[in-house]
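Feature annotations, courtesy of TrEMBL:
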SIGNAL    1-26  signal peptide
DOMAIN    118-311  domain 'Peptidase M28'
TRANSMEM  337-365  transmembrane segment
DOMAIN    380-600  domain 'Endoplasmic reticulum metallopeptidase 1/1-A TM'
TRANSMEM  386-411  transmembrane segment
TRANSMEM  417-443  transmembrane segment
TRANSMEM  477-496  transmembrane segment
TRANSMEM  516-536  transmembrane segment
TRANSMEM  556-578  transmembrane segment
TRANSMEM  585-607  transmembrane segment
DOMAIN    614-835  domain 'Endoplasmic reticulum metallopeptidase 1-like C-terminal'
Amino acid sequence: LGEARGAAAVLLFLLTLRALVQLSHRQLLRQPPVPGTRHFSALRARAYLDNITAIGPRTVGSPENEVLAVNYLLEQIKAIERESTDAHKIFIDIQRPTGSFSIDFLGGFTSYYANITNVVVKLEPKNGAEHAVLSNCHFDSVPNTPGASDDAVSCAVMLEILNTFSKSSEPLQHAVIFLFNGAEENILQASHGFITQHEWAKSIRAFINLEAAGVGGKELVFQTGPENPWLVQAYVVAAKHPFASVVAQEIFQSGIIPADTDFRIYRDFGSVPGIDLAFIENGYIYHTKYDTSDRILTDSIQRAGDNILAVLKYLATSDKLAKSFEYRHGNVVFFDVFGLFVLAYPARVGTIMNYITAAIAFLYLSKKLLQPKTRVVPNLKELFTAFGLTLLSWVSTLVSVLMVAVFVSVIGQSLSWYTHFYVSVCLYGTAAVAKLILVHTLAKKFFYKNMNEQYIGDIFFDSSLMFWSLALAVLTQMGLCSAFICTLWVAFPLLAKLMTHKEFSHKGATMKFVMLYLLGMFVPYLYMMYLSWTVFEMFTPIMGRSGSEILPDVVLAGFIVVITMILSSYFINFIYFVKSTETTIVTLTTVFVVTLLLVCSGIFFPYSSDVANPKPKRVFLQHTNRRFHDLDGNVVKSDSGVWINGFDYNGISHITPHVPEINETIRTPCEEQAPFCGLPWILPVHFMFRKNWYLPAPEIFPRSPIHFKVLSKELMPWNSVRLSFEVSGPSHMSLYVRPHEGSTLSMWSLGDGTPVASLGGDYFVFYSRGLQAVPWHFWVELTVPEEHSDGIVSFAIAAHYFFGEDQKSPQLSALLERFPNWTFTSGWSCTYDLFVF
């Protein structure tokens, strides 16, 4: 025990020393201001933000995005250029790229863009620069939203950073390229156009991408690399208000969150490493009409500006940028400590530390099992019994709480906590804690009836330590950087146990033991609470836009149970110390039962129209014309209606009382013979929204209808047929392809030439364009069977009218007016045509 105690103390000393060294390193690198240095002004950035959002929604292809926003950016950039010092040169370029690529996001699809807009600015030393660092934002927004946080505020911050750099007399070593991209919401098209086609892209050695998943707050570093640990170190050294987590990186890159950023494009198509930052606070109004500039605090803008300016300056004056290829190897473990500073170290160092920590814990456990030697088998039996009981308590708690969550969902009271987060704690948190305590109380009463309480508590501490040590070893072996959390849950509790080992043996020392024990647990518990709050802040709003197939109550209940299990792991032993848990169980059960009854009564309405803090229900409505053609080109079926998608599990149940004709009798049937069920999806998210509704409505007549024309049919070698097409229409179109049985889509002129199927086997192509784009030409090649009397392939094309005079029909506008004020409705018109060839 003495050896294990000493080793644990050494490990803790090393961890503490590393933190102190990094903190002092940061302080040393914060040099006094150099004469001529300029500071970021949040007030100027806010003025930029207000002016950009005043333009209104900036949908790709709209005059607001392609003309007004671009002209405003150019006006401000040229004003900055005129006032620039002689230490820098500024170059401005307007890029309008056309291109195509495939991506495995949302189950996989292909993207085609034409004549979209990028505003690119290069600031470099007066003698020029060979290498550059890129800063990226996007000024476009999703339809029907002002897009203040996503992503106008980032563009405003970049304008002010450009202004700050330009007026500084401090020379930079490398160039800084500012990309104001005009088509990110169209699934990352503008960044692809820049990194694959712009001449300046070849000089870029690193990038910073500014994004949003919420409205204001702190900007979280949630992706870095790939590899290139020097980039994380740059953030660690330079950022004035750090907020970063490798846990967020591994969660985001796992695909759990249905979102992506330009980071992917620069990484996958440009092979450039970078840092991805995003505002995460108040995701309830992300991508809604409430995402306005007045909701973003000036302090939040100042914080982001200070951080990004400092990191860009560090990179633009760093020798490592020019030789980044020499520092590219290895991943990094990184996490901020309560926003004060960031701890970062190479993953290989973390692997060594993790294995050493686990080894020390196993050494401690083995020493205990072998003392005395005559009790090795009983000791093993008691340890594994306690371990089994702990796992049993966790599993039974998880099952019980999830059953409650499923029940709440089935009775139609899902998301009762969406506006009232405390409801989730009172409902699922109390149930989880009560069940854990109950299982161990029963074990204490019937299984450990005549055993020494201190001895039982000791065994359960050891079982928790064994669990965390095993988890540490397994996660480290899997290569997960997030395994550092397990290190905290092994090192600190073990040290606390070793410090309190002698205290408990003295009579009257119970209080001292408890105080020392709690002190030892302070760091992992406090950090876990800090991390948990960040995770809940990100995930809770996402449940309101996660689709109709996911039960949000089950997801949130699962999170709460996992957090409860983690936080209770080293306090299970206290259940065996106390005389009675009856009062605690009764209190928790009472709170749970009362909350459950209130939830069942429907008193906790999920959504809110509160002006200061809205939490709306999202509903998309598309006034649609559909026409289905046969092999001879005849229309065999046609209809028109308003196609309705609710973005959460509750569907339309809360809408029906306000708009009675929208009810379960108008559920949309799937047209099995048509790709994607014959519905005009703007993106291939059909697997997320299997429940939708179709309200009959009059036919619409767009002033700019779609034209879909076959240019040629060619017989190719090896039983192949090439079909060439020309398409013209609005700025947004979706193409759906389904080869018939026996046919195979082998090649096409899109992406890299290899067709990428979506989930379900159909093919999806997302098209968008800027102004004055030529008609879209493409071809597909199919391998076909000798007999194909019913055709070889079905094509469907949907045209989406997101702005202008064709956007909303009178019937759609009237319907939108009837929705309650706690909803955010996004409506547009579209057409859908199916052809067989």
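Each residue, glycine too, has its Cβ placed from N, Cα and C.
Curation plays no part in TrEMBL annotations; they are all automatic predictions.
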Most CB pairs under 8 Å with the transmembrane segment (516-536): which of 337-365, 386-411, 417-443, 585-607?
337-365
Quick one: find which recorded stretch in 337-365, 386-411, 417-443, 477-496, 556-578 has the most Cβ pairs under 8 Å with the transmembrane segment (585-607).
417-443
Are there three or more C-beta pairs under 8 angstroms joining the transmembrane segment (556-578) and the transmembrane segment (386-411), sequence spacing 6 or more?
yes
Are there residues at least 6 beyond the ends of the transmembrane segment (477-496) whose Cβ is under 8 Å from a Cβ of it, and what are they?
4, 8-9, 11-12, 15, 246-247, 249-250, 331-335, 347, 350, 353-354, 357-358, 360-361, 364, 461, 464-465, 468-469, 471, 516-517, 519-524, 527-528, 531, 566, 569-570
Per-residue pLDDT averaged over the domain 'Endoplasmic reticulum metallopeptidase 1-like C-terminal' (614-835) comes to what?
94
Hey, which bits of the same chain come close to the transmembrane segment (556-578), Cβ under 8 Å, at least six residues off its ends?
390, 393-394, 397-398, 401-402, 404-405, 417, 424-425, 428-429, 432-433, 436-437, 440-441, 444, 448, 453-454, 456-461, 464, 467-468, 489, 493, 521, 525, 528-529, 532, 535-536, 539-540, 543
